[in-house]
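TrEMBL lists Gln278, Glu328, Asn378 with the feature S-adenosyl-L-methionine binding site. Residues or ranges marked as active site, nucleophile in TrEMBL: Cys406.
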Amino acid sequence: LRPLPFALLSLPGRDRSLVTTTAAKWKGKKKARKDCSLPESSWEERLANAVTPLWRLPYKEQLQVKYESQRKVLQTLASHLEELGIGAQKPGFTFPSFLLQPIINGYRNKSTFSVNQGPDGNLKTVGLYVGTGRERNIVCVKAYHMENIPQKHKQVAQCYEEFICRSPLAPCILFHEGGHWRELVVRTTSCGHTMAIITFHPQDLGQEALATQKALLKEFFTSGPGTVCALTSLYFQESTMTRCSHEQSPYQLLHGEPHIFEELLGLKFRISPDAFFQVNTAGAEVLYQAVGELCQATGDTVLLDICCGTGTIGLSLAQQVSKVIGVEVVEKAIEDAKWNAAFNGISNCEFHSGKAEVVLPQLLSSWEDSRPLVAVVNPSRAGLHYRVVRAIRNCRAIRRLLYISCKPEGEAMRNFIELCCPPDPGKKLREEPFAPMLAIPFDMFPHTVHCELVLLFTR
């Protein structure tokens, strides 16, 4: 992988006219489905169309649709840079062969299932949503037919539905209307481990009643019908919010091991209930290998791994560099990262827990290390906080930056522009701007319209 002038690499030998034709054809099909009378399609089709809209297309045609999408993203970035007077070269586009994923079906290692009313009126249906809250037409559809979800996840979801249907307690669909049983998160690994996390709204239940429910849940999955799931870990979280961290409401281990384990690029990783881990393990190996090449790290390089999760990127590259510094907001993930480093015999890593916008400026403001500094950022869809971008931009030692984005057309686009715009004292962007050199899409999410885009910036 050699740096090219802001080029999007893609599948060799593909005809660009075919790419445009396929993308247009898919848009036409999508519009036709919107225009058709809803009763003519099954609930299963509606769910598949909502969550995995490319599921009808052969995989190579899915890539062609994504090619067109990523081309537009980079054209938008190039246009913004031209407006700023940077005069960026417009990207040319070809695909790298490694865009293809080794596993196309059942690749997800984490699935989140909701509890709500199903098409048959069952208020305790465990599945995925079709519809929107704004339209007040949400229906929860079982996900047994979804191609991106592995069979094990579907099995646990089915067992959870069986359990709550037996329970006298109501589901919690709207907080203010009462009810208790809420989401189910299932995590699996290639090592054969399965973790289930049950989210429960306590409402006004006392501790004794809560203890009874936890005991019944444990009994169901350890000696009842749920034993078929062979859970490695069963967690229970009392939550009065839509999303709740471990610090806000601790995950309570009801059964099994506190962690599950995954193997990636010859290393073993410990995973906590709320720790981030790439949702496609096989795809992550391809992605991280490419990131390692793009870093062009030498033996004296310091790697700054921002939004590091359980430390997968930094630890997988630790042998190539002199030091790894990881930053992550989830405290439990940092505990996992430290354990992962120790277990794998890696001693040149340090990990910092806290918000990146707080930790990173402190780390970089007094940076005096003469060693080359390469930064890798892998934020959520919300992108990087402005103070993180500013800290990276104003650190002269960072000459090479890899930005991994799962939603480059969103807030990440603002980050790209802030990294590349001319110095702006008003925004406290003082140092030399970065320039985009290379863009590579990785199809981490087959059957969906999403992919992971890696952008290389240098200065």
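Each Cβ is built from the backbone N, Cα and C atoms, and glycine gets one as well.
Feature map: annotations from TrEMBL on the structure.
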| residue | record | contacts (Cβ under 8 Å, 6+ apart) |
| --- | --- | --- |
| Gln278 | S-adenosyl-L-methionine binding site | Ala284, Leu287, Thr312, Met444 |
| Glu328 | S-adenosyl-L-methionine binding site | Phe276, Cys307, Cys308, Gly309, Ile334, Ala337, Phe351, His352, Ser353, Ala356 |
| Asn378 | S-adenosyl-L-methionine binding site | Asp305, Ile306, Cys307, Cys308, Gly309, Ile313, Ile404 |
| Cys406 | active site, nucleophile | Ser380, Arg381, Met444, His450, Cys451, Glu452, Leu453 |
Taking the centroid of the Cβ atoms of Gln278, Glu328, Asn378 as the S-adenosyl-L-methionine site, which other residues of that chain lie with their Cβ within 8 Å of it, listed in sequence order?
Phe276, Phe277, Cys307, Cys308, Gly309, Thr310, Thr312, Ile313, Ile404
